[in-house]
């Protein structure tokens, strides 16, 4: 950004929108739509975390714990996304808004971390449901949730810190390159963690299929099958978004890919929106209630197959 625009506060002949960090005025309709959908998802998760999960835990003190954690993490992610797109709405009104720029940049960078962490909280109940003996001997069931959540939080703090540093690039360009490097490492680390989680799930699925037959999954309750497919899709959507963010960040703050609104709205906004909707509509409280039962279920299915 040139020195002549350092004092810009609003769009004018001397301060054109093309000279801003993004080089465009964010689309009003698209960003407003994303804001509303994420806000609705956040409210739905608040309902699940309070009215459903807490009520269920009153009846069964041991039940609903995983669902509550899942709901809270998904809700935080959706709130962060909604606030980030509110920031972009302020940028639509004034692309030179110095307060809205860093807020929306950081929130939209880090909020998907909470959605990913919510998915990780469901791994251990699913492993327990299908049988912990199917886990890889190098990664027992107790390492399937909180180590992944902890690693995800590391990526979160790296992206958050990098975003804060990068947002100061208007004051000093060197902050932009430093912050970008930190964000690239953070989002790459998050992508690696998600890839590891995906490989663990794939290995576990193959082990269950080999031991009990491929038809074991066809005999699952329809709602549980829908839940497994939805969570897999959400994981792939968030992972794809992380992969998109790597070259975007590699181009630097205000780089060519960062200045393409359509690509951002699709490969970041839409992918995370779909993941949030899947994690809200296909909620474990409704679609995976059997996973709260500590009894392994695959043996019942095996009996059905042999019969």
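Positions of Cβ are set from backbone N, Cα and C atoms, glycine also.
Any TrEMBL annotation is an automated prediction that lacks curation.
Feature annotations, courtesy of TrEMBL:
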type	residues	note
TRANSMEM	32-49	transmembrane segment
TRANSMEM	70-91	transmembrane segment
TRANSMEM	103-123	transmembrane segment
TRANSMEM	144-166	transmembrane segment
TRANSMEM	178-206	transmembrane segment
TRANSMEM	226-244	transmembrane segment
TRANSMEM	264-282	transmembrane segment
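Residues 109, 113, 116, 119-120, 123, 127, 130, 134-136, 139, 144, 148, 151-152, 154-169, 217, 232, 235-236, 238-239, 242-243, 245-246, 249-250, 252-253 of the same chain sit 6 or more residues outside the transmembrane segment (178-206) yet have a Cβ under 8 Å from a Cβ within it. Of the ranges 32-49, 144-166, 226-244, the one with the most Cβ pairs under 8 Å to the transmembrane segment (264-282) is 226-244. Under 8 Å from some Cβ of the transmembrane segment (226-244) lie the Cβ atoms of residues 112, 115-116, 119, 122, 126, 187-188, 190-191, 194-195, 197-198, 201, 217, 220, 263, 267-268, 271-272, 274-275, 278-279, 281-282, 284, 287-288, all in the same chain and six or more residues away from its ends.
Within its own chain, the transmembrane segment (70-91) has Cβ neighbours under 8 Å at 22, 25-26, 28, 31-32, 34-35, 38-39, 41-42, 45-46, 48-49, 53, 97, 99-101, 103-104, 107-108, 110-115, 117-118, 121-122, 269, 272-273, 276, 279-280, 283-285, counting only residues six or more beyond its boundaries.
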